[in-house]
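Per Swiss-Prot, the features are:
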type	residues	note
SIGNAL	1-23	signal peptide
MOD_RES	Gln24	pyrrolidone carboxylic acid
DOMAIN	49-105	domain 'Kazal-like'
DISULFID	Cys55-Cys87	disulfide bond
DISULFID	Cys65-Cys84	disulfide bond
DISULFID	Cys73-Cys105	disulfide bond
Amino acid sequence: MKVAGVFLLLSLALLCFFSGEFSQGGQDKRGWITRSEGRFPGKGVLRHRLFQINCGEFRDPKVFCTRESDPLCGSDGQTYGNKCAFCKALEKSSGKINLKHRGKC
């Protein structure tokens, strides 16, 4: 009986975790997750973590982007060479673009 109870509690905890009940930030009626790093499509914590980009280190205008290749596809259809390039474009657009997916568009 105790094993069944533990299994039930674990199942409920996982259900809540993946359903987005514990996600940080808000979610609008179109399903976009909004945080200080930007907006991301989808629901739930797992989807959010896949599309999470922290642009804090690139907000300083004195920071220049390197040429390392780690492409990101923006919601504007543009492929950005790396996280820094995406974050600079995000800042320039005043948050109007979002991360669509990792990799080339």
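Every residue gets a Cβ built from N, Cα and C, even glycine.
Here the C-alpha separation of Cys73 (disulfide bond) and Cys87 (disulfide bond) works out to 12 Å. Around the Cβ of Cys55 (disulfide bond), 16 further Cβ atoms fall within 10 Å across all displayed protein chains. Annotation note: Cys65 (disulfide bond) sits in a coil segment as assigned by DSSP. Here the disulfide-bonded residues are Cys73, Cys87; the one with the fewest Cβ atoms within 10 Å of its Cβ is Cys73. Of all Cβ atoms in the protein chains displayed, 19 besides its own lie within 10 Å of the Cβ of Cys84 (disulfide bond). If you take the Cα of Cys105 (disulfide bond) and the Cα of Cys65 (disulfide bond), they are about 20 angstrom apart, rounded to a whole number. Note: the Cα of Cys84 (disulfide bond) and the Cα of Cys55 (disulfide bond) are spaced 8 Å from each other.
If you take the Cα of Cys87 (disulfide bond) and the Cα of Cys65 (disulfide bond), they are about 10 angstrom apart, rounded to a whole number.
Calculated from their C-alpha atoms, the gap between Cys55 (disulfide bond) and Cys65 (disulfide bond) amounts to 12 Å. When DSSP labels each residue, the domain 'Kazal-like' (49-105) comes out as 15 helix, 9 strand, 33 coil, counted as helix, strand and coil in that order.
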